[in-house]
Amino acid sequence: MALVHYEDSDDDNDHNQNDHTEPVSSTSLINASAPALKRKRNELEGKPDLPPLPASFHDLYSTNTRVSTRDDPTLHSGRKRSIPHVEGNWATHVYLEWYPSQTESNTLSNLISLLQIRRPKDPPARTIQPLLQSPLGTPLPLHISLSRSLILQSPQREPFLATLTSHIRKSSVRPFPLKFTSLKWVSNFERTRWFLVLGIAKPERDELNRLLNTSNQAAEVFGLPTLYTKNNRRAVEGIRIGPQKGSPKRTHVHQLDSAQAGSGSVPQDRSEAFHISIAWVLDEPNTDSQALLKNADIVGFMDKEVRDMIVEFGVVKVKIGNAISVIRLDAKLDEERGILG
């Protein structure tokens, strides 16, 4: 049975309106909307760019989320924790931080790839693991260490930070630039990992040695180990693994160690020790892998691309547990910003 259609009163009004309305063409619709689109486009073009995130933003999310309550090397590409976690202990590190630009990161990636391609195939070597990005592709900062991996007790956190800040203030170190000089392999203190590192030229006002002295002085106050000093002979030996053109042999390391033994608190030149790690492997690089650093292509790439980089440093960072504090190298700024206060 067919449905019967009943018109309502609105239909009459629609018909009357349609009788007096001219049809609208597509051209007129486009012309009508053009001013609105132009207005919207001008508003977008005139809108200022969003300001960049503050440098402190990176410090808030600098630590990966824990995925296990125990040390599991399978979760970290075979790496083992050098200092087991103990409740009440706070792992601490003093360092300078560098976030490479996209261009700088690409240059370092190309350098690592060049080494990987030319590594000896017999015996097969493990893949070089870059330190430039997280597994998700997020850019990572690179570091210059100014301390050992220190362990603080809970009551020591604030006093250590205050002591270190005081020493850095007294050193009067201002912001300074750095350049890279060499490429070499360096082991960690336990010799469980080997790092591909960039050697650093001694800055004009010896800022690295001066900052290292302030960090070591703060560590000594709390009975903690110091970096690149006489009571850390193994660490000093570990800084001169890779061959380097025009540099002293490994015996120089022992001479440095002996010279410091009777020097007391006299500052020593540890410029050869400072470096920035850009990649790592688990196995000690063999003779062929170390000799590869002298390869003409590698040396040429270093000379052309890497040695021209200039990196500016204006703050010292202190990581205590997951909290990062910033000590600025500027006499005009007396406030330290960090989660500890």
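Note that Cβ sites are derived from N, Cα and C of the backbone, with glycine treated the same way.
Note that the structure is a prediction, hence the values are computed from the model and not measured.
Marked as active site, proton donor/acceptor by TrEMBL: His143, His275. Marked as region 'Disordered' by TrEMBL: 1-38.
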Pick out which of the active-site residues His143, His275 has the most other Cβ atoms within 10 Å of its own Cβ.
His275
Quick check for the class: what is the C-alpha distance, in angstrom and rounded, between His143 (active site, proton donor/acceptor) and His275 (active site, proton donor/acceptor)?
8
